[in-house]
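Copied over from TrEMBL:
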SIGNAL    1-22  signal peptide
TRANSMEM  134-158  transmembrane segment
TRANSMEM  193-213  transmembrane segment
DOMAIN    223-396  domain 'E3 ubiquitin-protein ligase MARCHF6-like C-terminal'
TRANSMEM  234-261  transmembrane segment
TRANSMEM  281-299  transmembrane segment
TRANSMEM  320-346  transmembrane segment
TRANSMEM  366-385  transmembrane segment
Amino acid sequence: MLWVPVQVLKAIWPAFLPYAVAVHADAQINELSLELLLLQVILPALLEQSHTRIWLKALMRTWCRAVSWLLDLRSYLLGDEDLNNADNAEAPQPAPVIDPAAGLGAAHQALIHRDDPIGYQPYVKPRFFVFRMIGLLILVAISLVLASLVALTVPVWLGRHGMSLWLVGGPPNAAVSAKSGANVKVQGRVHELYTAACGMYLCWLGARALALLASWLPQGRAAIIAKIKQWLSVGAACLISAVLLLGVIPMLFGLLLEFVVVMPLRVPLEQTPNVFLWQDWALGVLYTKIACAVTMMGPDWSLRRAIEKAYRDGIREIDIFFIIRDLAAPVITSFGLALAVPYVAAHSIAPLFITNKHTLTLITRKIYPFLLLICSVAGIVVFQIKQFKKLYEHIKNDKYLVGQRLVNYDHRRHRNQALTSSN
């Protein structure tokens, strides 16, 4: 399944190989970004769907039907359907003769049926059964070679072309350039794991679109047009939401952590920091997922309620106005202020009072972590003050209520006294 397809690929398409499987230090930025994208986006989308198993099962059944028709082995591969008819159910069935090779047919039928057959599975043995089995093995070998050849070429080819359009603006060593014809050569040696994963994701998207379109065909042209209009509106809303939730917010989050943590710790004062937006966005996707998980585990507040509602609505019932108003706008406003206020303070207000360039550079580098420390301490102090107030009110109310109810307060006696005085 590997050596023969590679030799065939070398013979018919020599420019396609070799694969780039070495990680280079000069392209580490894109490698890290693509690894995060693979782990956070592509693999969850492929693993959380059950359509792939259904498609593979249907493809396997189609292959078995074609081979059974070609070699007259339907009873052996798929089972004899006539044995389960109601007309034959009443007739007494003779005891089957156990064949030493009977378990082989049951094993082949287990590949088609999800539940393993128990015991002997009867099948009709045609003439020249041995030669037919040899032909079956030859067809199995040829099919495996073709399947391996397709798996080795199509996803990688699609992924390379996708990367050639995607990795724009990265470092020169990580760029992907298209050569003449269908040959695509990766100059920066992008790891083929990422190109293969990207190609598999594109194949899955295409197959899912075709399956969805095939399910709409029996409903008629009017229903198909209505479905297309509905999904176009849903797709536009999802696109806008993805740009805000998966593009702008992770970018701002990654930039904020870059200014707060990375630059003050890794960049000396005498050097100018370079900001790679692609890397900041990829890391921001990971930070955003962690922040969402922490928010869902925290107390009940507006952001958690907004995330829960967006999750409950899903894609079909997506409310773009709610997402923009209650989810994206507060987060983007908070991140924008966290990025803009220190920048304005360091570059517009500080030069009015300080003229030393070294001190201005120091303020520019340290103002983000300093303000973060101040805000964190202030938030902790305010939170503790609120907690102490709640504790004080709780203790005071407990003592007050216990004293009134058990020691010196009887609401029935006070009511009778009020009625007597009124009379």
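Here the Cβ of each residue, glycine as well, is placed from N, Cα and C on the backbone.
The list of residues near the transmembrane segment (320-346) in space but at least 6 beyond its ends in sequence, with Cβ under 8 angstroms from a Cβ of it, reads 237, 240-241, 244-245, 248-249, 252-253, 255-256, 259, 302-303, 306-307, 309-310, 360, 363-364, 367-368, 371.
A Cβ distance under 8 Å defines the sequence-distant neighbours of the transmembrane segment (134-158), meaning residues of its chain 6+ beyond its ends; these are 1-2, 4-6, 8-9, 13, 16, 19, 63, 67, 70-71, 73, 182, 184, 192, 195-200, 202-203.
Mean predicted confidence for the domain 'E3 ubiquitin-protein ligase MARCHF6-like C-terminal' (223-396): the pLDDT average there is 87. A Cβ distance under 8 Å defines the sequence-distant neighbours of the transmembrane segment (366-385), meaning residues of its chain 6+ beyond its ends; these are 256, 259-261, 263-264, 341-342, 345-346.
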